[in-house]
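Undergrad: Got a structure for you, questions after.
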Amino acid sequence: MPKRDDIKTILVIGSGPIVIGQAAEFDYAGTQACLSLKEEGYRVVLVNSNPATIMTDAEMADKVYIEPITLDFVSRIIRKERPDAILPTLGGQTGLNMAMELSAAGILDECNVEVLGTDLTAIKKAEDREAFRDLMNELGEPVPESDIIHNLDEAYTFVERIGYPVIVRPAYTLGGSGGGICHNEQELIETVTSGLKLSPVTQCLLEKSIAGFKEVEYEVMRDANNNAMVVCNMENIDPVGIHTGDSIVVAPSQTLSDREYQLLRDVSLKIIRALEIEGGCNVQLALDPDSYNYYVIEVNPRVSRSSALASKATGYPIAKLAAKIAVGLTLDEVRNPVTGTTFAHFEPTLDYVVAKIPRFAFDKFEQADRRLGTQMKATGEVMAIGRSWEEALLKAVRSLEIGADHLLLEEAENADEATLERKICFPEDDRLFFLAAALRRGQTIEQLHAKTKIDLFFLYKLSKTIELENRIKENPHNQEILAEAKRAGFSDAFLATCWNVDEQAIYDLRKAQNLFPVYKMVDTCAAEFESTTPYFYSTYEEENESTRSAKESVIVLGSGPIRIGQGVEFDYATVHSVWAIQQAGYEAIIINNNPETVSTDFSISDKLYFEPLTLEDVMHVIEIEQPLGVVVQFGGQTAINLADGLAKRGVKILGTSLEDTDRAENRDAFEKALEILQIPQPAGKTATSVEEAINVATDIGYPVLVRPSYVLGGRAMEIVESEEALKHYMTNAVKVNPKHPVLVDRYVSGQEVEVDAISDGENVLIPGIMEHIERAGVHSGDSIAVYPAQRLSSQVKNTIVDYTTRLATGLNIIGMLNIQYVVDGEEVFVIEVNPRSSRTAPFLSKITEIPMANVATRVILGENLIDLGYTPGLAPEKQEIFVKVPVFSFAKLRSVDTSLGPEMKSTGEVMGKDVTLEKALYKGFVASGTTMHDYGTVLLTVADRDKEEAVELAKRFNRIGFTIMATKGTASTLEEADIPVSQVKKIGENQETLIDYIRNGQVTLVVNTLTTGKRPERDGFQIRRESVENGIPVCTSLDTAEAILRVLESRSFELESMNASEVKQPKARV
């Protein structure tokens, strides 16, 4: 079938901000789709609220709207642009839900807009739990015994009939939001209440638990001619009961017999045909390990996280082809871009094994509930490719960047028996390491299978890895065993530990016997056809398929898995750097291991190496490619941390030298540089022991800001108000020693300002100055950033430009740098300098139209700013106002305190842009998922130090018609200021407490500032958690509350009577 010519303009709906369950895979899918549609000659309009994405670059679509993905704003765009069709299936759950809302509101009919890819009936059948169950029954496909419930009473009725455990699956939610496995009544009440609140249609499916069955996924494609094919099948190592996003996954499946594989394949194809999906679809199935019985768990009628994994695992570009199918092309008439000769209906064949391991953020959240279930908790993932399952697994383990270069974690090895058993029987994020520890202690694979239901095949492979470990230790420097270990995926670092030598000695031993990896191509066809894909993985075999080209090359190091503090912003910069290298006439090579991202799309770079970002793995690529140098500025802390080791091995680090990077990151060297440059910073010193830290804090006075050197995302950073709290921090949060010093600074509570700049060594370009709405003390990644700065005097701006220029030239920065300042009155202090790309670079690049990573890369390659057409100094400010608003995933991370501080907690961001600050903030808040009520009740419960400021906010809330509730202390302060307030009981008091009001939906906004002390049992923690669980916005900074108030005031009309003196209202009490 030829492509459709009756449609000209297509609206693509993006997935919005990065949250747990919906990450960079949709930037990858959306980018591919937009380019694919443009390639076919369509006019593409894109709406997405996330500025940190490649897909929101102006070149990706004919019209790019960075606006909230809400019914109101998308409707406005449709009425303005008049698209002929919308494509919602590449925007994750957000895209699907938006399409359903637009349809229900009558907008699609009103504007005559067609839905492409998957029609609304199919979306409803797949997403609505009841409709899906009915369809499966119609097809004769088994689903677990289940019931649709809309309230708790219906849940009780179901449980009385089938007993515990039961699984709760809310309808139309993302990443299992609000779902879980319930073993008792208490868990049922909590999970069902949460699930019904989070489901936009207030509907949950309760089903009989089939935990323990094998979980298998099929990624399938279908076109309008009813051609359907399987791109890839994947097997979860963890059985049913753990969300697939939190499971270790292998592709292709390893334990299915041919009969089982074909059985589940036929079911998947039958389902996609019955749903009449045109494009990609993910089918999740549960297989009884002891029979051929199976159940259909669910279907995602869209491109998903698994699609991104399947695309990278096979090389088959699902999103690109799904977009072509959506406009009428068929699988047998679209060429597979990997081979260039075969067509897209050929099912990919793999002659290698792929392992995916999720990456969690529990290093950030000590108090989080780490237990895994049906609600997703991972922020990102890594993928590795090998010739065997064990090789792929070990490569994936060292890609995680959790301080493990092997299946060996100190906590697991040192755990007592009770902890070991608990960690094995009740899975958490680190179960793999505890399984290895149990095998080392002599537990059998049969015992572990009985406890975990993990297939014996995988446990057997693990046990073989442990056996090989023992042989390595017993035979130091044995060449045969060394070769066997390398084929099995063992790292030099681990072998060095086993043989008590340094890593270099292992390398020398390998060099002596010419034991090096070769690189194999990912070609979708197991070498059956000629392929030109420049996509490689390493393995220890004979034939090398990657050859160095005659062109000079530059290697760019990626940023690895997405985690809090290092998100998609760094992948954005990596991709732009690659494009700039190509524009400058060099071959651009990427090394990265994240299957979700645009940078690991093989069509982006000249060559892609899908490898762990460790010194050993990166050096192997460098040895084969012999590049001009390596760029580390765009890969976040991951790449920066590799620079030292690479330089010591003679690799040229392009851009800022290692010595100058160290001067910016090492505290003592930085202080000396500031002294020479005569730039002030808050008083502080470096401490290398607990005693030293206490002495420094005593000298400069509390409160102090403490943090380790060389960190990203404010990890382990804290404001400490007493000696007792400092001792607790030094013993619990960091392992302080002379090699890992801790910085102790005077905490300045001023206005925080952030600057990104580019320096060529002589000239410094400052695209923009951003001010943070929250005062210093809240991590920059969690603050609302405003551009252009609204509250800075010309003198302060001039000082910032002067300091930035002096710092860039004084530290010999070549490329990008990010500086954070704190402004106290007219005084400006430097907090920190990061000699690399930052998370604000994509935001600033888009709004100033200065492609920062691109320009910085050209500078790194030796060009200067003036020749590139840029005038040094501060770029002219834009007339419009732009805000970057953080987005959090607290609903997924139970037990995590939502209060904001110096440690970063947000997973993503959105942008708001308009002609006034209030309008831009409104868009930012709405896009971030904050519900903006024009009237309602504000609950105020603030620390003593904030009470004076809270009085002014309360007056303003009262003026625009809000009712105010407060706890005793805050209420007394408000009453003294003659502000009408209802006093509510604190937690633990008799009668209705403020928690009851939150749960009953009687509160629309909570303002709760921290009393010091971080114990979660404190009242504040419970107030904040309850607010999040009940979908109520909660502000832990008065600055954020003031920003929301400004927006509400701008949307309100003041209502005052004409009487000269108003009678004061009586003070109400509740």
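Glycine is treated like the rest: Cβ placed from N, Cα and C.
Annotation source Swiss-Prot lists ATP 1 binding site at ARG129, ARG169, GLY175, GLY176, LYS208, ILE210, GLU215, GLY241, ILE242, HIS243, GLN284, GLU298. The Mn(2+) 1 binding site annotation in Swiss-Prot covers GLN284, GLU298, and the record cites sequence analysis as its basis. Annotation comment: Swiss-Prot describes GLN284, GLU298 as Mg(2+) 1 binding site. Annotation source Swiss-Prot lists Mn(2+) 2 binding site at GLU298, ASN300. Annotation source Swiss-Prot lists Mg(2+) 2 binding site at GLU298, ASN300. Summarising the annotation, Swiss-Prot assigns ATP 2 binding site to ARG707, ARG746, VAL748, GLU752, GLY777, VAL778, HIS779, SER780, GLN820, GLU832. Residues or ranges marked as Mn(2+) 3 binding site in Swiss-Prot (evidence: sequence analysis): GLN820, GLU832. What Swiss-Prot lists as Mg(2+) 3 binding site is GLN820, GLU832. What Swiss-Prot lists as Mn(2+) 4 binding site is GLU832, ASN834, and the listing cites sequence analysis. According to Swiss-Prot, the feature Mg(2+) 4 binding site maps to GLU832, ASN834, an assignment based on sequence analysis. The annotation domain 'ATP-grasp 1' is assigned in Swiss-Prot to 133-327 on the grounds of sequence analysis. The domain 'ATP-grasp 2' annotation in Swiss-Prot covers 671-861. The domain 'MGS-like' feature in Swiss-Prot is assigned to 930-1070. Per Swiss-Prot, region 'Carboxyphosphate synthetic domain' is recorded for 1-401. Taken from Swiss-Prot, the feature region 'Allosteric domain' covers 930-1070, and the record attributes it to sequence analysis.
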Undergrad: Per DSSP, what is the residue tally for the region 'Allosteric domain' (930-1070) in helix, strand and coil?
TA: 55 helix, 20 strand, 66 coil
Undergrad: At a 10 Å cut-off from the C-beta of GLU215 (ATP 1 binding site), count the other C-beta atoms across all protein chains.
TA: 24
Undergrad: To what whole number does the mean pLDDT across the region 'Allosteric domain' (930-1070) round?
TA: 82
Undergrad: Which ones in the same chain are close to ASN834 (Mn(2+) 4 binding site), with CB under 8 Å and 6+ residues apart in sequence?
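TA: Result: ALA664, GLU665, LEU817, ASN818, ILE819.
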Undergrad: Whole-number Å distance between the CA of ARG129 (ATP 1 binding site) and the CA of GLU298 (Mn(2+) 1 binding site)?
TA: 9
Undergrad: GLU298 (Mn(2+) 1 binding site) to GLN284 (ATP 1 binding site): how many Å between their Cα atoms?
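TA: Distance (Cα to Cα, whole Å): 5 Å.
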Undergrad: Of all the Cα pairs drawn from ARG707, ARG746, VAL748, GLU752, GLY777, VAL778, HIS779, SER780, GLN820, GLU832, the residues the record ties to ATP 2, which distance is largest, in Å?
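TA: Site span for ATP 2, by Cα atoms: 18 Å.
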Undergrad: LYS208 (ATP 1 binding site) has how many other Cβ neighbours within 10 Å of its own Cβ?
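TA: A 10 Å sphere around the Cβ of LYS208 (ATP 1 binding site) contains 19 other Cβ atoms.
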Undergrad: Would you list, in sequence order, the binding-site residues among LYS208, GLU215, ASN300 whose CA lies within 10 Å of the CA of GLN820 (ATP 2 binding site)?
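TA: Within 10 Å of GLN820 (ATP 2 binding site): none of them.
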Undergrad: What is the nearest of the binding-site residues LYS208, ILE242, ASN300 to HIS779 (ATP 2 binding site), using the Cα of each?
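TA: Closest by Cα: ILE242.
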Undergrad: Can you tell me the CA-to-CA distance separating GLU832 (Mn(2+) 3 binding site) and ARG707 (ATP 2 binding site), as a whole number of Å?
TA: 12
